Amino acid sequence: MFHRIEEALEDLKQGKVVIVCDDENRENEGDFIALAEYITPETINFMITHGRGLVCVPITEGYAERLQLEPMVSHNTDSHHTAFTVSIDHVSTTTGISAHERATTIQELLNPASKGTDFNRPGHIFPLIAKEGGVLRRAGHTEAAVDLAKLCGAEPAGVICEIINEDGTMARVPDLIECAKQFDIKMITIEDLIAYRRHHETLVTREVEITLPTDFGTFHAIGYSNSLDTKEHIALVKGDISIGEPVLVRVHSECLTGDVFGSHRCDCGPQLHAALAQIEREGKGVLLYMRQEGRGIGLLNKLRAYKLQEEGFDTVEANEKLGFPADLRDYGIGAQILKDLGLQSLRLLTNNPRKIAGLQGYDLEVVERVPLQMPAKEENKSYLQTKVNKLGHLLNL
C-alpha cells in the first residue's frame, strides 16, 4: 500500500510528485508534495487540478527571515499551529494566480538574490515555516516537505497541496491509494519518514565523561543528550568493551519510585541493582539508564496509572485509560548510544522480548537473552503477572 522512503526520494529528485499521508488521529489527510527547487507550471497545474487544495510552500526559518516574511497572524489559533506567513506574489507577475505565475513566485522565492521587496503581499503563494528538527519535532506535512527536500540534497523547501475528492470531501487513505494508482505516484507516510530519519541520522551527542564509584563498583559514566527532546541519558561502562566479543548490556528505563524510593509496586529497583552487580562481577558491560519514566508516559502519568490500579485496573488497562499505549518506549535513542559506545553484538539483560526486537531493529545483534528475574513481592505479583499475560515478558512466576 505504501512505498519506501527511498523510492519517494528517487522520484522527488526527478521532479516528480509524491503523496504524503499523516496520522489518522491528526489531520488524517494526504498532500501532493514536490521539491520547490524543481517546480514547474505543469506540476502546479497538476496539483490544483487533481489535488484541489491550497498550494503552499514549506520553507525554513532562514528563508522567512531573509525575505522578511512575517507571520500571517500575530496569534495563531489553528488547531495544528500551521505556521503561515503572509502570502506573496513575485513583482514580475500580473495577477499571480496562474500556474505559470505561481511557479514563478516559488522559483524566485528560492533565488538567493531575491529580497523581501521583490514580492507583493498579499499574494497567491502561501509560505509555511517548518519547525527546526522537522518531523521529529512536528509530524506535519510542512515539516515532511522540508525534510524530504533535505534528504534529496535539494534546497530546503517544498510545494504541497491537500488532496480533495471530486465531491469536495477530504481524500482519506482508500481515496489516496486510488489516486496514487491512477497517476502512478509513490505514496508514503509521515510515520515512516520519522522512522527513516531516526534510523539514518545521528541524534545523540556524547556530552561528558566521568569516573563514578558506586556501591557495586567503579564505572565509567558517560552523559548523552539527544536532538529529539530535552531528555538526558547516561551509560555506565565497565571494563574494555572495545574487544569484539558480545558485551553484557542492560537497557534500564528510569523508575523514580522503584529505583530511588524502593517501591514494591514494581521490580525496577532490584533489577537495576542486580544488573549493576552482575556487570561488575563479569568485569565488562554496559548499563544504559534511559529517561523513559513509566514506560515512556512520564512520572505524573505513571502516578495517575497507579491511582487507576488502586481502583482495579491492571498496568496495561491503566495506561490505555489514560490514552497511552501499553508501552510507549522507543529504543532508537538507546540503540544509537550503544552504537556510539562501539557495540554491535549484545548479551542483553532483559525479560522483555519487545526490547530485543527494538534494539535489533536498529542493526544491533542480540546473541543472547540473559534473564533478570527478581523475587516477586506480595504488592507486585499482579503487576508481574500482567506483564507476562499482556506484554509477553518472560518470567517464571
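Backbone N, Cα and C atoms are what each Cβ position is placed from, and that goes for glycine too.
In Swiss-Prot this protein carries:
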REGION    1-199  region 'DHBP synthase'
BINDING   Arg26, Glu27, Asp31, Arg138, Ala139, Gly140, His141, Thr142, Glu162  D-ribulose 5-phosphate binding site
BINDING   Glu27, His141  Mg(2+) 2 binding site
BINDING   Glu27  Mg(2+) 1 binding site
SITE      His124  site 'Essential for DHBP synthase activity'
SITE      Glu162  site 'Essential for DHBP synthase activity'
REGION    200-397  region 'GTP cyclohydrolase II'
BINDING   Arg250, Val251, His252, Ser253, Glu254, Gln271, Glu293, Gly294, Arg295, Thr315, Thr350, Lys355  GTP binding site
BINDING   Cys255, Cys266, Cys268  Zn(2+) binding site
ACT_SITE  Asp327  active site, proton acceptor
ACT_SITE  Arg329  active site, nucleophile
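Here the features listed in Swiss-Prot are placed on the structure.
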residue: Asp31; record: D-ribulose 5-phosphate binding site; DSSP (3 states): strand
residue: His124; record: site 'Essential for DHBP synthase activity'; DSSP (3 states): strand
residue: His141; record: D-ribulose 5-phosphate binding site; DSSP (3 states): helix
residue: Glu162; record: D-ribulose 5-phosphate binding site; DSSP (3 states): strand
residue: Cys266; record: Zn(2+) binding site; DSSP (3 states): coil
residue: Glu293; record: GTP binding site; DSSP (3 states): coil
residue: Asp327; record: active site, proton acceptor; DSSP (3 states): coil
residue: Thr350; record: GTP binding site; DSSP (3 states): coil
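Cβ neighbour count within 10 Å across all protein chains ranks His141 highest among the binding-site residues His141, Arg250, Arg295. Other residues of the same chain near the Zn(2+) site, with their Cβ within 8 Å of the Cβ centroid of Cys255, Cys266, Cys268, are Thr257, Gly258, Asp259, Ser263, Arg265, Asp267, Gly269, Gln271. Closest by Cα distance to Glu162 (D-ribulose 5-phosphate binding site), from the binding-site residues Arg250, His252, Cys268, Glu293, is Glu293. Sequence-distant neighbours of His252 (GTP binding site): residues of the same chain at least 6 apart with a C-beta under 8 Å from its C-beta are Cys268, Gln271, Leu272, Ala275, Leu287, Leu288, Tyr289, Met290. For Glu293 (GTP binding site), the nearest neighbour among the listed recorded positions (Asp31, His124, Ala139, Cys266, Arg329), judged by C-alpha distance, is Arg329. Just so you know, of the binding-site residues Ala139, Cys255, the Cβ with the fewest other Cβ atoms around it within 10 Å is the one at Ala139.
For Asp31 (D-ribulose 5-phosphate binding site), the count of additional Cβ atoms within 10 Å of its Cβ stands at 31 [all protein chains shown].
Among the recorded positions listed (His124, Arg250, Asp327, Arg329), Arg329 has its Cα nearest to the Cα of Ala139 (D-ribulose 5-phosphate binding site).
Of the recorded residues, Thr350 (GTP binding site) and Cys255 (Zn(2+) binding site) place their C-alpha atoms 16 Å from one another. Non-local contacts of Arg329 (active site, nucleophile) by the CB criterion (under 8 A, 6+ apart in sequence, same chain) comprise Ser253, Met290, Gln292, Arg295, Gly296, Gly358. Cβ neighbour count for Glu293 (GTP binding site): 19 (other Cβ atoms within 10 Å of its Cβ, all protein chains included).
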